[in-house]
Amino acid sequence: MTSMRKTHPLLKITNDSFIDLPTPSNISALWNFGSLLGLCLMIQILTGFFLAMHYSAEMSFSFASVTHITRDVGYGWFLRNTHANGASILFICMYLHMGRGLYYGSHLYMETWNIGVIMFFLMMTTAFVGYVLPWGQMSLWGATVITNLLSAAPYSGKNLVQWVWGGFSVDAATLTRFFAIHFTLPFITVGLTMLHLLFLHETGSNNPTGLKTEPDKIPFHPYFSYKDVLGFLLLLAALTALALFAPNILSDPDNFNSANPLITPTHIKPEWYFLYAYAILRSVPNKLGGVAALALSILALMVLPFIHTSKMRSLTFRPLSQLVFWLFVANIAILTWIGGMPVEPPFIIIGRIASVSYFTLILILMPLTGWFENKMLNLNCSWQLKMFRASVL
């Protein structure tokens, strides 16, 4: 008798997606970060749901309500620490997931990749509006600086900023709508996750070689499901250790003070996972140019499938492209460092050089390296063919 999981309409979807899913036998632990992202998203939604029960999205009470959660609510301190540090863990997994996709050529699955980039943008938006909710000093001034960038839009910029603010400055209306956005966007992200998986299962997973592996696929369960469970345990251990022993290591000290519009922090900066984009924004002296560079730094990821020039999908057998890839990773690390530094020499010039390098590497050097490798491959094939003919004759 056929198992119910293969015949029942709902169970069949689960079976085809997580149990009998044909999976390349040679995928590594780097393919684990997709499932870890799903776990992180669920943790964020659950902890956020319980925090929302006690949070007050009112300017006069929001900071006090966060203090109340930490001090008076049972295990509120643990919920808050888990939610705040869970965002950092989520973005670490996100960057590793995207880096693996770029390294092994998964970005050539265009629908899957572009939906992933949209999800990345939504998560950035969710994290930004969430950073405003505690209504600390950095929350207020970060919201003021970042939302004020919309004023760079020609003609309608001023009206657009006031529409987002709900008034003439970041105020009670801004906080209320940011809370509504922060609560809603994760559920939209869950919907996009379903689409992401749908398109992924249409093409099948990529593998480290970048070659087709139809003859060599095995069921996802139990071979990879248990490996995912191990990843879950390691992630939960890391998140719990962070929440218990160093909950404030990734947060800004200024945010422990209640928001005061009369006192400007010495150095306004977003959370660490946005610093590379913030550095690109600051590196352009013109406001409109900075906003355009910031938008392009994300949109450039959507262009990658269209400028792939190599005949090979993965970087596994492409040493020159590997060099460019790791230069790109180092460049993002430098931008992250610069984004956390004050706007003064020598950080200004380093930020500008790193910002130009970011776009040069991703939009020029990556396609050029692929084209050059194709030429070298053709030369090598021609030489081998000549040697073969000479040996035969």
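Cβ atoms here come from the backbone N, Cα and C positions, even for glycine.
For His83 (heme b b562 binding site), the number of other Cβ atoms no farther than 10 Å from its own Cβ, over all displayed protein chains, is 21. Among the features that Swiss-Prot reports, heme b b562 binding site is placed at His83, His182.
Residues or ranges marked as heme b b566 binding site in Swiss-Prot: His97, His196. In the three-state DSSP scheme, His97 (heme b b566 binding site) falls into the helix class.
Marked as ubiquinone binding site by Swiss-Prot on the basis of similarity to another entry: His201. The C-beta environment of His201 (ubiquinone binding site), restricted to residues of the same chain at least 6 apart in sequence and closer than 8 Å, consists of Asp16, Ser17, Leu21.
Summarising the annotation, Swiss-Prot assigns transmembrane segment to 33-53 (among others) and lists similarity to another entry as the type of evidence.
Sequence annotations record features per position, and here Swiss-Prot assigns transmembrane segment to 77-98 (among others) based on similarity to another entry. Same-chain neighbours of the transmembrane segment (77-98): 30, 33-34, 36-37, 40-41, 43-44, 47-48, 50-51, 66, 69-71, 116, 120, 123, 127, 130, 235, 238-240, 242-244, 247, 250-251, 271-273, 301, counting only residues six or more beyond its ends whose CB sits under 8 Å from a CB of the stretch.
Panel annotation: around the transmembrane segment (113-133), residues 55, 57, 62, 66, 87, 90-91, 94, 98, 101, 106-107, 139-140, 142-143, 146, 174-175, 178-179, 181-182, 185-186, 188-189, 192-193, 195-196, 199, 270-271, 273-274, 277, 298, 301-302, 304-305 of the same chain, lying at least six beyond its termini, place a Cβ under 8 Å from a Cβ of the stretch. Swiss-Prot lists 113-133 (among others) with the feature transmembrane segment.
Residues or ranges marked as transmembrane segment by Swiss-Prot on the basis of similarity to another entry: 178-198 (among others).
According to Swiss-Prot, the transmembrane segment annotation covers 226-246 (among others).
Summarising the annotation, Swiss-Prot assigns transmembrane segment to 288-308 (among others) and lists similarity to another entry as the type of evidence. Using a Cβ-Cβ cut-off under 8 Å and counting only residues 6 or more beyond its ends in the same chain, the transmembrane segment (288-308) has close neighbours at 98, 102, 105, 107-108, 110, 113-114, 117, 120-121, 124, 149, 152-154, 276-277, 280-282, 355, 358-359, 362-363, 366-367, 370.
Residues or ranges marked as transmembrane segment by Swiss-Prot on the basis of similarity to another entry: 320-340 (among others). If one looks beyond the transmembrane segment (320-340) by at least 6 residues along the same chain, the residues whose Cβ comes under 8 Å of a Cβ in the stretch are 99, 102-103, 269-270, 272, 274-280, 282, 310, 347, 350-351, 354-355, 357-358, 361-362, 365-366, 369-370, 372-373.
Marked as transmembrane segment by Swiss-Prot: 347-367 (among others).
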Distal contacts, the transmembrane segment (33-53) - CB-CB under 8 A, six or more residues away: 69, 76, 79-80, 82-83, 86-87, 89-90, 93-94, 96-97, 100, 182-183, 186-187, 189-190, 193, 228, 231-232, 235-236, 239
Beyond the flanks of the transmembrane segment (226-246) by 6 or more, those residues with Cβ under 8 Å of it: 29, 32, 35-36, 39-40, 43, 78, 81-82, 85-86, 88-89, 93
Rounded to the nearest Å - Cα separation of His196 (heme b b566 binding site) and His182 (heme b b562 binding site): 21
Surrounding CB atoms that lie within 10 Å of the CB of His196 (heme b b566 binding site), all protein chains: 22
Other C-beta atoms that fall within 10 angstroms of the C-beta of His182 (heme b b562 binding site): 21
Residues satisfying Cβ distance under 8 Å from His97 (heme b b566 binding site), sequence separation of at least 6: Phe33, Gly34, Leu37
